[in-house]
Amino acid sequence: MGSISHVITTNPTFLHLPSTRSTALRFSRFNSGLPPLPPTRVAGKVGVFAEVSSPSSSTSAVDFSDPDWKTKFQQDWEARFRLPHLTDVFPDAPPIPSTFCLKMRTSIDRDFNGHYSSDEDWHGYINNNDRVLLKTIYYSSPTSAGAECIDPDCTWVEQWVHRAGPREKIYYKPEEVKAAIVTCGGLCPGLNDVIRQIVITLEIYGVTNIVGIPFGYRGFSDKELTEVPLSRKVVQNIHLSGGSLLGVSRGGPAVSDIVDSLEERGINMLFVLGGNGTHAGANAIHHECCKRQLKVSVIGVPKTIDNDILLMDKTFGFDTAVEEAQRAINSAYIEAHSAYHGIGVVKLMGRSSGFIAMQASLSSGQVDICLIPEVPFNLHGPCGVLDHLKLLLETKGSAVVCVAEGAGQNLLQKTHATDASGNVVFGDIGVYIQQQTKKYFKEIGVHADVKYIDPTYMIRAIRANASDGILCTVLGQNAVHGAFAGYSGITVGLCNTHYVYFPIPEVISHPRLVDPNSRMWHRCLTSTGQPDFI
């Protein structure tokens, strides 16, 4: 989506204070003695760039000598996480009673056009002032494992975000709504589940005009691609298969062209399913709609199999990917265990973040070495991966290596090529490790039988498992609730087991990363028994 990049910039609020997760990460890395993370970009997409600050700059945004710094921090936090609303552009927009009430048989009184029933005794609505606490652990010291601190003393600071769910008052009349759904980027388990639930929830509100935009943002400009009419009948069983009913693609037209298309089509609710880059595009569409004073709600649903979106417990597709990765790891283990001096190498997804590799290694119990982008490693040398593989063959007779696709890119020759979304095309670290392993053992005169497995596209294409199915269902429902509540430029996510709304800029500044000082990474290292490869 390179053509969108010229209008997307980082939100000015980023200048006030750094994102809490990145602040915490900086303090935890500073106290662990680990090297600072390299500058990174938002999933390499749509030209949105944001550097991860170094530990030395982590306190520059806050004057801790000010006795009121904590209060000021919380006030700034509240301002940053305020949800954009239609009344920001249309202050006189009248709210009406919600058409969503599970005590009523139908959402709209069909006998009286424009008359909406309301059940004030139903206690299923969310109050606009409901909040969810972002952080629940009190760290007594910055040296605690995985400590996420705002100041050097690790002061407890409450950080609240907005609770998701249906509101008692809504800002759209369902019979006037034309809702559109678009799925962007690559495939991910659960896309059809989210599409299905958005359509079902829209119909419960009383919306009858629902369409899908085919093949991502491209569908807004390609004249050969037509809208896909959606209804409960159409989507009833789509969650039983993988992929996306609407298709996916990377790249797309300029933001102004997309908003022109929204106007021409009469769309006033747009649900965008995608990752960091797609969300940056959705935020740009939201701002362009506000600029043109269009009453359009743009709602994001985070779709990234890598689980790399900030502030969220997890994103849909991740649990399925970890579960399906077990098959590949188990196959690698059987191949390695059945061969004389067998070594199985499995490459899993994870461009910037190693969550899939870490969790899959931890859950399998069959992995001896886990390599992720966040933790540098040497392949050669006395402390390298290959030397440890030699030890494993001598002691165990076999070994299994699990590597994330973005790990060890410093060892490979850079191509400087990019895909349609602006992502740098990575070298194949899995093939490289396979080749280097064969070469190493041949040179030292030790037999090694190396097998390589890359299950990437098998994992992406399967249907969501039960855990992701539930997550997708609730995310889809809450996306619709957010749109009818009048919000725009927001995304829905899971935070401390509760569903919440975030302003899009707060979750796309950079990818969420595995903290090498976190307890989960320590647990993974305990499980594999691997040493430090530096």
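Note that Cβ sites are derived from N, Cα and C of the backbone, with glycine treated the same way.
Per TrEMBL, active site, proton acceptor is recorded for ASP306. Note on ASP306 (active site, proton acceptor): other Cβ atoms within 10 Å of its Cβ, all shown chains, come to 28.
A simple way to gauge crowding: the CB of ARG250 (ATP binding site) has 22 other CB atoms within 10 angstroms, across all the protein chains here. For GLY186, ARG250, GLY251, GLY275, ASN276, GLY277, THR278, the entry in TrEMBL reads ATP binding site.
What TrEMBL records for ASN276 is Mg(2+) binding site. Around the Cβ of ASN276 (ATP binding site), a 10 Å sphere holds 31 further Cβ atoms from the protein chains shown.
In sequence order, GLU324, ALA328 constitute the residues six or more apart from MET458 (substrate binding site) in its chain with CB-CB distances below 8 Å. Summarising the annotation, TrEMBL assigns substrate binding site to THR304, ILE305, ASP306, MET349, GLY350, ARG351, GLU405, TYR457, MET458, ILE459, ARG460.
Under the heading domain 'Phosphofructokinase', TrEMBL lists 179-481.
The site 'Important for substrate specificity' annotation in TrEMBL covers GLY277.
Of the listed binding-site residues GLY186, GLY275, GLY277, GLY350, the Cβ environment within 10 Å is emptiest of other Cβ atoms at GLY186. Of all the binding-site residues listed (THR304, GLU405, ARG460), THR304 sits in the most crowded Cβ setting, with the most other Cβ atoms within 10 Å. Note: the CA-CA distance between ASP306 (active site, proton acceptor) and THR278 (ATP binding site) rounds to 14 Å. A 10 Å radius around the C-alpha of ASN276 (ATP binding site) takes in these binding-site residues out of THR304, GLY350, GLU405, ARG460, in sequence order: THR304.
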